[in-house]
Amino acid sequence: MEFAELIKTPRVDNVVLHRPFYPAVEGTLCLTGHHLILSSRQDNTEELWLLHSNIDAIDKRFVGSLGTIIIKCKDFRIIQLDIPGMEECLNIASSIEALSTLDSITLMYPFFYRPMFEVIEDGWHSFLPEQEFELYSSATSEWRLSYVNKEFAVCPSYPPIVIVPKSVDDEALRKVATFRHGGRFPVLSYYHKKNGMVIMRSGQPLTGTNGRRCKEDEKLINATLRAGKRGYIIDTRSLNVAQQARAKGGGFEQEAHYPQWRRIHKSIERYHILQESLIKFVEACNEQTHNMDRWLSKLEASNWLTHIKEILTTACLAAQCIDREGASVLIHGTEGIDSTLQVTSLAQIILEPRSRTIRGFEALTEREWLQAGHPFQQRCAQSAYCNSKQKWEAPVFLLFLDCVWQILRQFPCSFEFNEHFLIMLFEHAYASQFGTFLGNNESERCKLKLQQKTMSLWSWVNRPNELSKFTNPLFEANNLVIWPSVAPQSLQLWEGIFLRWNRTSKYLDEAYEEMVNIIEYNKELQAKVNILRRQLAELETEDGMQESP
Amino acid sequence: MEHIRTTKVEQVKLLDRFSTSNKSLTGTLYLTATHLLFIDSHQKETWILHHHIASVEKLALTTSGCPLVIQCKNFRIVHFIVPRERDCHDIYNSLLQLSKQERLQGWQLIDLAEEYKRMGVPNSHWQLSDANREYKICETYPRELYVPRIASKPIIVGSSKFRSKGRFPVLSYYHQDKEAAICRCSQPLSGFSARCLEDEHLLQAVSKANPVNRYMYVMDTRPKLNAMANRAAGKGYENEDNYSNIRFQFVGIENIHVMRSSLQKLLEVSGTKGLSVNDFYSGLESSGWLRHIKAVMDAAIFLAKAIMVENASVLVHCSDGWDRTSQVCSLGSLLLDSYYRTIKGFMVLIEKDWISFGHKFSERCGHLDGDPKEVSPVFTQFLECVWHLTEQFPQAFEFNEAFLLQIHEHIHSCQFGNFLGNCQKEREELKLKEKTYSLWPFLLEDQKKYLNPLYSFKSQRFTVLEPNTVSFNFKFWRNMYHQFDRTLHPRQSVFNIIMNMNEQNKQLQKDIQDLESKIKRHKNKQTDGILTKELVHSVCPESPTLKTSLCFKEQTLLPVNDALRTIEGSSPADNRYSEYAEEFSKSEPAVVSLEYGVARMTC
């Protein structure tokens, strides 16, 4: 397919662009295969340079021959284009619609994008599983790398290399895979160096209604327990939901077969419930005219912060088991690719100082989301403005980022990155020039040859220039476990994402700049004092030598 | 100094309290501005700080002289015998004055006459009226009131009779650039049809005092329904037909009873253990608290806009003109005038619009066992509105959140005299200035704690604040209503860090100056000694190895700062962090931080 077929009118003059916080501009609108560009041809700058894949939905309306297209983006921005001429407007609208919903991944922009920067470090090789495992292997010898899934045959959504207990061989893993949803047998997610406890994750056990059991499964997870110790299984579904899953062949670990494990049920929502929550939440935030009561009731009805609280609470619980109870944890929901990953990754943010650094967080995203098989392609296909009722979209990753932001707010000096870093990840998960978030799992990414054909997000982010934008000036590494408060009074609306286009942040940005200035100035002064002290010390010794003879 | 009549008295005896034989030391008594000093014949000195003096007592004259007993707050009791009664009397009086002086000086810190001068009144349109000098017209107003120059006393008296509690229209704030005024009063006693020519004249005088704009706004801060109900009781609101050039406007802030129960509901909700997000927000909604806060803010914005955009003067009232009127006038002034956004200016604003104009602090705060129906968080709401402004304009205020919280603490503490009583007349009768301390000097003394490190006083951008009152900009004020629930707060405070860094920067600048001058001195010395140096040189050649062997070590300059930033650090400089560290070191399970809402491990 040629993009040209989709672009009936590549250029329209005298288009007026309206966007939040800027005066309307008139200019020329251009459509390319991947971008929508508007330029007033002044100062050689483009006023708008929008990826088609960032477009979530469009509305069009006409007054006489003046057409208006309202573009709703996946990053929640809403812009409006006034286009003279009905035919041009209809053409543009249908082109945008077609170009923003390409059915083949290989036509997406990352396959066409050529970086304008020099690649210092290839992001595709920045976080290899082998390297990650080395971080553990110095501390423990109870685990090993397994290549059982090398051809993606045992579990299509797992990466080729996983970490499993040393005492369990690949043959056993194959058997366990048949007993777990999607073949997702229990694998290591996190090793707590402080006390050797671990977080494992998996899919639900396929017990069904007649209570099937799998000795290898029991043996596998028991292999992670110290003698006489008990572990915890955190099921991210309510007991009710888990029981219903049995009817469809799923289920949960029976006490009788797993006597050394205590099972805790939490209830983290999934799929369309989350998607609807996002839609309602963004809708509430976008409405400027709501009175107070209406706003608060809409905020409540969206349930967004309820989900945040539930996810954070479960993550705290998992971290508590590890750090305070000294017990290992197995976490799963149904498939183990959504709520499970939210919990395992947040627990690591709480427990592991490294995951609060920029590289550590990138590694975490790579390990616990990309490699672990969170289906980004499906989940992020549409955002808050979609009308289509496909059931695979869900803001699972955004909820995770929001939770991280909540912890960041409570521990503003414990993270090496700032809010902008999280916002950037959100944007790229939904629309990007980089290949990192394409595909649903490693198997798909391999088939697409993303490493060869696209650029990794990390190659770009990890350049000093970019990093400086994402660095938190207040960061001071601390090796502690950080326990966030999950009381509703402590959870806040993430203004940087949800009110970003609805209110000007000018004064807040200026205050932030001032803060950075104070910190920079402090560093400067300290450096100067050090230089002067050295000078003085030198002078004093010179004097001393003059006097000493 | 004028209080010290005698600086030195000789031949004074100091009695030993517990000696049976009336043993005593003879010496000289000196009186200084800060101390009472007794030097006995052995040159032993006894210093007594005036501040320490709790009471001074002059006993009946004896044969050896006049006894003077001084009791100190630190439990020292001294018993002097002064030979001549006149000297004793002088010392007695001086000590009484001196121990009180500090109190009085504290009360002089805020001078409202000075403040009106700053605003630019009196001027050709506005003058100080002596009508209420003896509280004859209005008991709940201050003595000194500013009114339009053309409003004669009979007009004022006539108007006051037509206004609830005699609270006739007076000046609250004068905007010099716009020549427009914020005036305040109580509701008119208009009933269904009554009118008062003097009152109409007074309003006309207010609008005429504005040379730019002929019409003026009359803001009734009540909901229309309440105002109409008041008509049945012979009160009510201005009839636009009777007053020339007024634009009448209701703004719909609810009364004290609604506010009281609203706060009660809010606290009930936020105090629920294991509160869910939905219960929290539906409780927040049904309490109506943020709706009320927004209503007050919107009213203040309306007021500020009338002055800035239309150049119009505004008259604000509610029922009695001491609750909602105080909120709207003070908040409106704060939006218009950056002075009120400084520490000192904010104190002045509270003294002016709240204390002097008779906001009934004693009743509203329930200082005494009074009518519980008179208690209402009206002033708290004002503080919350200011907090919301500081959130929207982080650089516009000289003070920080701690300042607001501290003021809130003291409207209830009864530790200082400012908020005792319900109006100025009552305060004078209570002799508060003599018997109590003023809060403001104490806050100023601790100013460092209350400074906003991001405050940008240089920029003129913030002359007028134009806040955005879209509902999503209003948040639950956790640090007020959960002040003491530490587990709900962020565990690291950016604010404290920046504040400390700012302080440290000042210190570093000083260090740099010191070092530079020291280096300069050394260099001068060296050029002086260059001749000697050359002489020495031959004897002791400068050895490079010697120089490097000194091995200058980069010093870590900022232990305080580091301790602050690492949560492990138990820096005594900042309690919050050390407490936090303790929390971490507790060996108990995570219930410390997880008790609120996190599922207990019950399985």
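Backbone N, Cα and C atoms are what each Cβ position is placed from, and that goes for glycine too.
The feature active site, phosphocysteine intermediate is assigned by TrEMBL to B:CYS318. The local packing around B:CYS318 (active site, phosphocysteine intermediate), expressed as other Cβ atoms within 10 Å of its Cβ over all shown chains, amounts to 27.
According to TrEMBL, the substrate binding site annotation covers B:ASN255, B:ILE256, B:CYS318, B:SER319, B:ASP320, B:GLY321, B:TRP322, B:ASP323, B:ARG324. In the three-state DSSP classification, B:CYS318 (active site, phosphocysteine intermediate) falls within coil.
Here TrEMBL flags B:498-525 as coiled coil.
Summarising the annotation, TrEMBL assigns domain 'Myotubularin phosphatase' to B:106-481.
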Cβ-Cβ distance under 8 Å, sequence separation of 6 or more, same chain as B:TRP322 (substrate binding site); the residues meeting this, in order, are B:THR140, B:ARG167, B:SER186, B:PHE357, B:GLY358, B:HIS359, B:LYS360
Whole-number Å distance separating the Cα atoms of B:ARG324 (substrate binding site) and B:CYS318 (active site, phosphocysteine intermediate) is 6
Row B:ASP320 (substrate binding site), column other C-beta within 10 angstroms, all chains, value 20
Widest Cα pair spacing in Å over the listed substrate contacts B:ASN255, B:ILE256, B:CYS318, B:SER319, B:ASP320, B:GLY321, B:TRP322, B:ASP323, B:ARG324 is 12
Within 10 angstroms of the C-beta of B:ARG324 (substrate binding site), the count of other C-beta atoms across all shown chains comes to 29
For B:ASN255 (substrate binding site), the three-state DSSP class is coil
Students should find that the Cβ of B:ASN255 (substrate binding site) has, within 10 Å, a number of other Cβ atoms equal to 16
Here the Cα-Cα span from B:ASN255 (substrate binding site) to B:CYS318 (active site, phosphocysteine intermediate), rounded to a whole number of angstrom, reaches 9
Taking the centre of the Cβ atoms of B:ASN255, B:ILE256, B:CYS318, B:SER319, B:ASP320, B:GLY321, B:TRP322, B:ASP323, B:ARG324 as the substrate site, the remaining residues of that chain with Cβ inside 8 Å are B:SER186, B:THR221, B:ARG222, B:THR325, B:VAL378
